[in-house]
Number of protein chains: 2
Amino acid sequence: MEFKISRESLQQFEDLIAAKDEKGLLEILQDIHYADIAEIMNELSQEEAIYLFDILDSEVTAEILLELDEDVREKILKNLSPKEIAEELDELDTDDAADIISELPEDKKEEVLSELEDLEHAKDIVELLRYDEDTAGGLMAKEFVSVNENWSVLTCVREMRKQAENVSRVHSIYVLDDDGRLKGRLSLKDLLTSSTTTHISDVYIRNVDFVKVDTKDVEVARIMQKYDLEAIPVVDEMGRLVGRITIDDIVDVIKEEADKDYQLAAGISQDVEANDSILMLTRARLPWLILAMIGGFVAVNVSRSFEGAMEKFGVLFFFTPLIAAMAGNVGVQSSAIIVQGLANNTITGSIWKRLGKEVTLSLLNGFLLAILMMLGSHFLLGVDYIIGITVSIALISVIIIASLIGTFVPILLNKYGIDPALATGPFITTSNDIFGILIYFSIAKVILGF
Amino acid sequence: MEFKISRESLQQFEDLIAAKDEKGLLEILQDIHYADIAEIMNELSQEEAIYLFDILDSEVTAEILLELDEDVREKILKNLSPKEIAEELDELDTDDAADIISELPEDKKEEVLSELEDLEHAKDIVELLRYDEDTAGGLMAKEFVSVNENWSVLTCVREMRKQAENVSRVHSIYVLDDDGRLKGRLSLKDLLTSSTTTHISDVYIRNVDFVKVDTKDVEVARIMQKYDLEAIPVVDEMGRLVGRITIDDIVDVIKEEADKDYQLAAGISQDVEANDSILMLTRARLPWLILAMIGGFVAVNVSRSFEGAMEKFGVLFFFTPLIAAMAGNVGVQSSAIIVQGLANNTITGSIWKRLGKEVTLSLLNGFLLAILMMLGSHFLLGVDYIIGITVSIALISVIIIASLIGTFVPILLNKYGIDPALATGPFITTSNDIFGILIYFSIAKVILGF
C-alpha cells in the first residue's frame, strides 16, 4: 500500500521521463497514492516534475498540488496559466483551494478567481480568503451538510444526498433555523438508526460545540482535542453557520505548533526543514547565534571584572564553563515545563505557588549536585577544599536563580501576549550564563576575599 | 459552551460538596461537558472528587474516568469495587476500556474482567490487552462496521443499523470476504448517494489503506497524516480485519511524541507536567544535570591542562563560557533540525551530502560570527588584536565541529535504533562544551605559543 521512495525507483522515473514514455509512467503512477506522487515530484528536477504533472489527470494533480513542498508547488504553479490553475482549484475543497490561491502573487489571484467555473465555489473561496490564516475562518471549509430544523427526515435525506455530492467527508449534519443560525446537530449514527418518518426537530441534538470565525487556530485545536471532536462548526458574529473545520486540518495545526516550539527551544526562529536551502537555514539560525554571542561578550566582561582573582585563585576560572552550563541546563528545564504547561493549558494555581515549587525543586537538585561537586572537586579534580566549598555554594545559588528565571520569564511573556516559547533555548541559556557567572564570582569573592 | 475553570467556580463546587447538596451539584453539572468535569475533579481533593464521582451517572463517569489525570484516576479506581469498575467499562469502547484495565494492579484486572456483563465486549477487551501499548493493536478499537462482499446493499443497510448501535462514530464501512479478510471499503458518502438496489461487490472501493497489528504507533500516525485518513483498519497476520484506529487516538500519539522530543531537548527524561510532584520532576531532571556536571568536570580538566597560558594570556579564560555557549547552541540547532527531519521522515539523500551541507552552513555562520567577534573584541572588549584573531579563528573551527557533531550523532543513534531525540539538549551541549574548549585552547596554543 505505502509506496517507499528509493534511489532505484527515482532513477526509474527519471529514465521514463527522459524517454518521454507517457504510457509507461501512467501505468506505474495509477497504483501510487497522490501523496506519494507528490513526494516523488519533490525529489525530481523542475522540468521532470512539470512533465509528470502535465501528463496526469487534473483530479489527481489537484490533490498532488496540496501535498507538494511549498517551493516545488510555487514552481509548478508559475508554469500554469490562470485557466489551468482554476481547473485544478475546481477539483478541490474550498479551504484547500483558498490556501493555494493565497500563495499566488496578487495579480494572478484575481485572474485565477475569474476563471473558476463553479460560481458558488468561487464565491466561497473569495469569502475564505478574507479570514486570517491562523483563525478558525482561515482553517474552515465551506463544504458541510446542513438541514433546516423544520424539515421532515424525508426532506432531510433528499436534501442531504444532494449536498453530500460536494462534501468528501460527512461528519455531522448541522441543524439551522430559518435565518441560517446554528441550532444543533444530527449525528450520522442517529440518521442510520432512526426511521425516515421521524421529524427533525424531534431527533436533533441541541447541545453543539462550535467556534467563532475569529477564534485562534491553536484554540480551535485545543477545544477539538479536549472534547474529542472530529469536526466543529464555525459561526459568524450573528451565530450563523459559515463553515466547518475537520480534524485533519487540526492535526496539521498541532504538528506545526509543536514543531515551532521545539525549534524555538533549539534556537531556530522560522519553520525550516533539513531540506531547505542554506540561506533559509542561516536566516533561521544566525539571529540566535548573534544573540548568544552578544550575551557571550557580556559574560566575558563579567569574568574580567573579577580579574583580580586570577593570580591567587586562577583555578576559579576553570569552573566558569561548568557553572554556565549548569545555569543554562536548569533554566531550559524550568522554562520547558512552563512553556509546555502553558501550551497544554495545564498550568493552574498562582504564580507564587509555582515559583515556590520551583525553589523547592532547585534546592533539592542543587543540594544533591553540590554534594557531588564537593566529592568530585576533591577526589576527581583534587582542588583545594575551600575552592570546592566555594564552587558548591555557588552552584546551589546559581541553580535556584536559574530555575526562577526559567520559570518567571515564560509566565511573564505569556501574560503580555508574547509567545513563551521564545524564552526557551538560546535566550534563557544566554541570560543564565551571565547571571550564573556573576553570582559565582560574587560568592567566591565573599568567601575567598580577593 | 466551553466551561472555564476559575477559583470562584472551584470554590462553589467545594462549598456544595461540603454541604452535600447533591441536587444543586447535579443541576450545575448537567450542563458541563465530561472533559470539563474531569478538569474540575483534577483540582479537587480526593474526598471531594470521589463524592462528585459517586453522585454522577455511570454513563458520564465512564467518560470522565478517561479524561482524568492518571494519578487522580488511580485514586478513584482504588475506591471502586471490581463490579463498579466493570460497570464503568461496560459503557466504554473496547480500546478505552482496555487502556483503563491495563492501569489496574494484576489481581484486580481479572476480577474486573470477570464482572463485565457483555461477554462479547469482555472478549474483545481481553484480546486488546494482548497487544503492546505502542502498536496498532494497542491503539485500535474493536468497534467497527463491516459488511460481506457478497451481500446486497439492502442486507448491508440492515446489518449496519445493528452494528452502528455499538459504534459511536461510523467512519468507513469495511468490506470483508467470507473468511473475514479485508477486501476494501464502502464510504458513507457512497452509501448516502447510491440506491438500495445496488450490489455491494459493484460499489465498494478495492483500494484500502490498512496497517498490521504490530505496526508501531508513530508509524500509524505518519501514514494517517500522510494520506489524510480519519480511520484506518487493522489486520492480523492473515489479513483478517481485527480492529480500526481513529484519528482522535492518533492526535494523542502525535502530541505525546512531540512533547517527548521537546522535553528530551530540554533535558527532561520522562513525561512530566508542571503539576506533577516534586519527586517526579526531580527524577526527570536530575539525571541530565548530573550528566552535565560530569561533563563539566571534564571541561574543568581540559581548561586546567592549558593552565600555562594563565600567566601571559589570562584573558583567554574569560572567553571559555562564550566558546562553550556557541558550541552548545550550534550543536543543538543542528541536532534539532535532524531530529525533526527524522521524526517527519523528510530527511532524504546521503549522510555525506547532509554533513557537507552542514559544513557549508557553519562556514557561512561561522565566518559572519567571526567578523562580529573581531569587531566586538576590539571595540567592545578592547582586547589585544592577536587575542581577537585567535578567538575568531577558534570560533569558526568550534562552530564547524559542533555542527558536525550535532548532525552526526542523531543520525548515528537513529541508525542503531536509539531515539535520536536523546542527542539534543544536555547531551549535545555538554559534549560540545568539552570539544569546544579543547579546540579553542589548542588553536590558541598554536597561535600564541604558550
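Every residue, even glycine, has its Cβ placed from backbone N, Cα and C.
According to TrEMBL, the feature domain 'CBS' maps to B:140-203, B:204-260. The transmembrane segment annotation in TrEMBL covers B:286-303, B:315-339, B:359-379, B:385-413, B:425-448.
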The domain 'CBS' (B:140-203) - residue tally per DSSP class, helix then strand then coil: 22 helix, 19 strand, 23 coil
Listed stretch, out of B:286-303, B:359-379, B:385-413, that has the most CB pairs under 8 angstroms to the transmembrane segment (B:425-448): B:385-413
Helix, strand and coil residues within the domain 'CBS' (B:204-260) as assigned by DSSP: 24 helix, 16 strand, 17 coil
Long-range neighbours of the transmembrane segment (B:359-379), counting only residues six or more past its ends (CB under 8 A): 326, 330, 385, 387-389, 391-393, 395-397, 399-400, 402-404
